[in-house]
Structures are given as C-alpha cells and as structure tokens.
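Engineer: My questions all concern the structure below.
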Amino acid sequence: MTMNTLETKMVEPALPARPADAWRHLSIGAMSRAAVLVALVIFGQAIAPSFLSLANIHVILLAVAAIGIMAYGMTLVVITGEIDLSIAGAAILSCVVGGLLIPTGSAVLVIGATLLTGLVVGLANGALVAALGIPSLIVTLGTLGIGRALANIVSGGQALYPEGLNAYLWLGRGQFAGVPVPVVLLVILGAAAVALTRYSTFGPALYATGGNVRAAKLSGINVVAVRVTVFAISGVCAALAGMLESARLSYINPAGFEGMELSVLAVTVLGGAALTGGVGSISGTLTASLIIGIVNNLLNQLGVSIYLQQVVTAVVILAVVLPGIRQREIAK
Amino acid sequence: MLKLSRRHLLKTAAALSVLAASPLTIVPAFAEDSVHAVLNGLIKKYSDEAKTGMSNGDVSALFERDGFRDYLDVYPVGDLAGGFVWKPGMGASFVGPYSKLQIKAPFTDYLPLPEGPVLDASKKYRIGLVFHGFNHPWLISLADTAAWEAKRHPNIELEVIDAEFDDNKMGQVIDTWIAKQYDGIVLWPNREAPMGPPVDRAVAAGIPVVSLDRRTSSEQISSEVLGNFYANGLQQGLYLKHAAPEGNIIFNRKDLGSTADSIRTGAFLEAIGNTPGYKVLANYHTNSQRTQAFKSTADALQAFKDISVSFNTGGEEAMGALDAIREANRLNSAPGGKKIMILANDDAREVLKEIKAGNIEMVSPYTPLIGDIGIRAVVMHIGAKAGLNEAPPKLIMTPNLPMITKEKMNIEGIETLTPDEWPYAYGPEVSG
C-alpha cells in the first residue's frame, strides 16, 4: 500500500457522496434538515394561509439570499477546519469603500471596488492563517474589528446612499426573468460552490485539508493555497452579500451587519459543517438558510417577539444539529 | 413598616429633580403659548385620560402587558430652565467638527454663554466628553455640538472619547479623568445602572458631571439634560387620531425596556387608547436596526392584507418599514386602497426627504444637537463651585419640538412644520 492510497483512505469518509449514490450516504443530519424543512413548510401552510403564496416565497428567499451567500463562503472555510469571523467587517468595509466612489456615478466602479475590497480582506485573512500559521479565530476576530473600524474612519461614521446608481440598486431590487436578482445569485453561486466542492479537484483537497491536514500535505495537496483560496472566496461572498443588502435598502450603514458573523456561523453549523473540519456541504448550508428563513418568517407572521424568536431559532439549530453530531461520534 | 418599591423610589427621585429645578425656573406669561407648554399640556391631558382607563381593548392590553405606566410616570415632564422659550428658527449654524456636515443647532440660546473665555479668563478648564458612537449619525452630531460650544471658549480644553458602547470603558475613562483632576465631565450614557458609580466617584472628587439625553443611576449627578420622548410618541398618536379615526397598526419598536421605546410607544398608546377604531395587528422589537424592521414589516405584509398604519419608534425603523412596503408594492394597500401611514421619530435628513415625497406621514423630531447645552451646563457648575455664578438646575429639560408633516397642519393646537421649515435635521444629505 502506497502512502497516497493510505492517505486517500484516511480522508475518504469526509468526501461528499456522488449524486448517483447520494441517497445511501445521506447522513442523519441531512435527513434531519430535510425533515425539518418539510415539516416547517407543512406547518407554515397550516397556520398561515398565505405562507406558500408566491409573494411570501419571494419574501423568504430574499431574506435568506445574503446570509446564504455569506454562509457559502463560511462553509468552505469551515470545511478546511478554519473559521471566518471577519465576514461582517469585510462586508461593511467593502460596501463603504465602494460607497466612497458613489460620487463618480459609475456603478461599475462602486461594484468593482466593493468586491475587490472583500477579496483583499479575504486574501489577508488567508495569508495570515495559512502562511504565518496564526489561528483563524484570532486573525478573523482581528480583521472583523479592523474592518468595522476602517469602515467608520473612511466614512466619517456617516451612512452613504447609492441613490441614482441604477445598476447597483438592481443587484438588490431588480429581477431576472421574474426572479429577484439576490435569489438568482444565491442559486448561481450555490451551483458554483457545489461544482467546486463535488466535481473539481479542489473539492477533495478542501475536505482533505480539513479532515487531516498532515495527511493532506503528505499526499501533495498545497494546503496553503487551499486555505488562502477559501478565505478569499469568503471575503468576496461577504462583500457581495453586503452589497445586495445595501442595494436593497439603498443605504450603506457603517455600523451595519452587527452580529452577522454569528448568524452565518449558526447557519453553517446547522447545515452540517463541523467546526473540527473535513465535514460540510453547500446543499446543507442552503437547506439551513431556508430553515432559518422560514422559521423567522413564520414567527414574524405569528407576531412572536424577537426575543422569543432567538430562543426558538436556537432550539431549532440544536434539534437539527445534535443528531448529526451524535452520528459522527458513533462513527468515530 | 414603610415599604418602598422601585417605582416609588423612581417617582420620588423624579419629583425631587423637578423640585430642584423649579427655584430657577421663571416662567414668563408668554411661555404658556409656546410649543413646549402646549405639548406639556397635551401630555398631561392624555396621560390623565389614560389613567382613568382605555376604551380600546387592543391598545389597553398592549399598554398593560409591557408595563408602560411604570416608565411614563417617572419620566420627567416640566418647564424649561430660566424661562427659556424656544421658537422655530432659533439657534446657530456651523459645520460639525467631526461629521463635517452642515448643522443648525436649535438650542444654542438655551442657558447661553457668550463667546470668549469663560469664568476665570486666566485659567484653562479641562472638560471631558465621553459618549458612544463616532460611527452613529445621531451620536456624532451630539459630539459635534459639544465640540462647537467648547471651541467658542478659548480657555476650555475639551477631550472627546468614544467608549464604543462599552460601559466598562466609559467607567475607566471617567476614572482616568478623576485621577487627572479634570474640571468637568459630560457624558452620554448608554445604560443607566453601570454609569452610576463612576459618576458618583467623580462628583465625590469635586468634579461636576452632566449627562446628556439619557440618565445614569447616580443621584449625585450635577445635571441631566433630557427631554422630549414623551412629546414624540404623543404627537405620533395625535397625528394618527387626526388623520384616521380607525386603522390596523403594526409596531416596529426599539429594545424592550429602553427609555426611547417605553416613553414613545407608551405615549402613543396613551394618545390613541380611548379611540375604539384602532387594532393592534403585530408588535415587533426591531432594536433600532433598519434591516430588522425591514424583515418584520416584509413578513407582516404577508400575514396581514389590511395594514393601514406602521408605527415606528425611531427613524431607522421607519426607513426599514418604508423600504419593505415599497418592495412589496404595498404603498397603497391599506383598506379602501388608501396609503399605509408611516409614523416616525428622529429627524434625520433621509426621513425628511421621504416626508417631502409623501412616503412617510410625519416625524416627531428628537434632536441630537444638544451637546452644547451639556458643555454650558458643566461650565456653569464649575463656576458655581468657584462662587462665580449660580448653578444650573439639576434637571435641564430640552424643549419639546413640533412634529413635521408634508403640509402645514394644526393638530390640537400644535402648529406642524414642513420639511422646508426644519433646518435642524441631522445626518448626511440624500441625493437623487
């Protein structure tokens, strides 16, 4: 047995199943999520007659689009065994930097600067974590603070209004073939992320890095490149999500996205990603985003207070995540 | 045995505060017609009526459930110091030293200090201003006005520190200033209880302390500059009563238990509590977050097809509600094809723009431009300590301000102002 075969075998359990035999590999966590999603839809329609109306589905999907896109990036990072707490800082700094170019009247410049800033923040995170070996918790906690502080400094603490930048506003308010642009982006980016994790050579490298970094290195995987890449993707996802929300409200708030990193992390974990690395899927993250979106929508429709909503959301997360964790423990 | 509840203690403290203010309060006859006096009269009228009971079951149930009476009864309502009468147009214009925005501060003639050196001209006075939020449009404007006032007096040295919503940091800043023997301290406390001990330590060290907008738990504090939350909520209610005798309301409120929520929402409910035509459809705490207000309103619009009123405790909430209503194409979806009425507080420029456009019905101004009063008050306290002048009142009420509506109106004796008549708005201009 060669070393490569041995290492491949070691990381195999972490790899996602191929579509053909996916049903046989469905984890308890995935089944729990699917069951909860179906139950929520049935329950929702039973208690709120307008729940399955097109308008309400539209509201739910729009509500989850930004958090879902951020969670895609976070999922990739978590699969590698790292964490990205900087996403709210990256989002707001990117939006503010882009917003400073609003007076140019060029939506291309504003959008470009926004995404580029997200990329730079992500690359900085990746470089510090992968190249210098600083724990991602510390690095991204630092860049979260730096991002927020810089956003305040460069904006002078004042909100920016992208009024008149129609192409920018279209990202948050426009439609493509009758589907809201943020939802289209959620689907396209989800498909791209699934392709990346399941059907490219990057996928196995990603899971291997998170599953057993030493084994991954020995099998020739450039774990530095993998980590820098996932942080860069996460930074761009954060910037894009921030832009969608800002465009939707036509308002760039330098104090915005308060606590967003924890909400996104919650969705990622609910989606089945293990903070220990090597486990997680984009489809799980998307399902988790929908679960949270539906729960919040239903609770708002029922007039449940935001404080109780937080409790209910936490209970839902625990109820879905615990069986999966238990299954992983038994498997070990 | 004498039993004292927290409510009794709070009531007593508030009463003593007003009493302490009264010896210096000379109310001229013409002050009775002022906006401040008219609004105080209406506050009393509606509060008294609500105390005898509310005929609207929905409103009464919400009022009782969230215990608004406890908060409203201890919130100070009183006359302005020194018989000051505020009129629209008063104040001074300048560029905010921090925000770099054009500002017109409304109360620069309240407890005025002439430009130039203060107190002992040969002495330098070190004053500290500690607040939270250079990143907050409302709060940066508060700091702007304080810095402007300090700059008018060459022998005042002002140090401004942002405690970044960290009560411990604010306490440490105050302790540092005590150690450095500063002459006076002005603060914007985020929460009452944690700031009481540091303020007590400063006062015990002989340093006058003035709080702005919010209170601390200190009973030793030199002065408190605060005001018109009550008039805010009351005017939202009066406008609604004037515009529509019935309607289905959704609420976007600030944090449960916060002064802004308790007083504004409570006063609103008092004003409409004896009108039977209003129904409470949904009640959300969106915690001053526009995004949260947006989501709550978007979901409520799906749950209820007959929303006619969106009550918002603040401007952020109102803008979030408006965006959600717009996105759902529901601006004119109130029963009978009428417009959904959006009621707001906080006179940010973006809110005024929407009033002008007819998208938000009204806003009750709550100006952050009061930092200058704090600086003047603390200077007066420093002077009083040195025997150079009388001390200002312990409770310095800020003037009640009239609501702003698209067209000029007279509602129960309140002359509303239009956005063009309101130069005191804060925050950046919104183009487009």
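Easy rule for this one: first residue shown is 1, then count along the chain.
Any Cβ shown, glycine's included, is placed from N, Cα and C.
Just so you know, TrEMBL annotations are computer predictions that nobody has curated.
What you are looking at is a predicted structure, and each value in this text was computed from that prediction instead of being measured.
The annotation transmembrane segment is assigned in TrEMBL to A:34-52, A:58-79, A:91-121, A:127-146, A:176-199, A:219-241, A:262-295, A:307-325.
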Engineer: Using a Cβ cut-off under 8 Å, which residues of the same chain at least 6 positions beyond either end of the transmembrane segment (A:176-199) come close to it?
Structural biologist: 16, 18, 58, 61-62, 64-66, 68-69, 72, 75-76, 79, 170, 206-207, 237, 240, 244, 248, 281-283, 286
Engineer: Mind checking which residues of the chain, 6+ beyond the ends of the transmembrane segment (A:34-52), have their Cβ under 8 Å from one of its Cβ atoms?
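Structural biologist: For the transmembrane segment (A:34-52), the far contacts come to 287, 290-291, 294-295, 297-298, 301-302, 316, 319-320.
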Engineer: Looking only at the recorded stretches A:58-79, A:91-121, A:219-241, A:307-325, which one has the largest tally of CB-CB distances under 8 Å to the transmembrane segment (A:127-146)?
Structural biologist: A:219-241
Engineer: State, in range form, which of A:58-79, A:219-241, A:262-295 has the highest count of Cβ pairs under 8 Å to the transmembrane segment (A:91-121).
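Structural biologist: Between the candidates A:58-79, A:219-241, A:262-295, the best contact partner of the transmembrane segment (A:91-121) is A:219-241.
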Engineer: Which sequence-distant residues neighbour the transmembrane segment (A:58-79)? Criterion: at least 6 residues beyond either end, Cβ under 8 Å.
Structural biologist: 87, 91, 136, 180, 182-183, 185-186, 189-190, 193, 196-197, 206-207, 210, 230-231, 233-238, 240-242, 244-245, 248, 260, 263-265, 267-269, 271, 273-275, 277-282, 284-286, 288-290, 292-294, 296-297
Engineer: Any residues 6+ beyond the ends of the transmembrane segment (A:262-295) with a Cβ under 8 Å from its own?
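Structural biologist: Contacts with the transmembrane segment (A:262-295): 11, 14, 16, 27, 29-30, 33-34, 36-37, 40-41, 44, 60-61, 63-64, 67-68, 70-72, 74-75, 78-83, 85, 87, 186, 190, 193-194, 197, 207-212, 309, 312-313, 316-317, 320-321, 324-325, 328.
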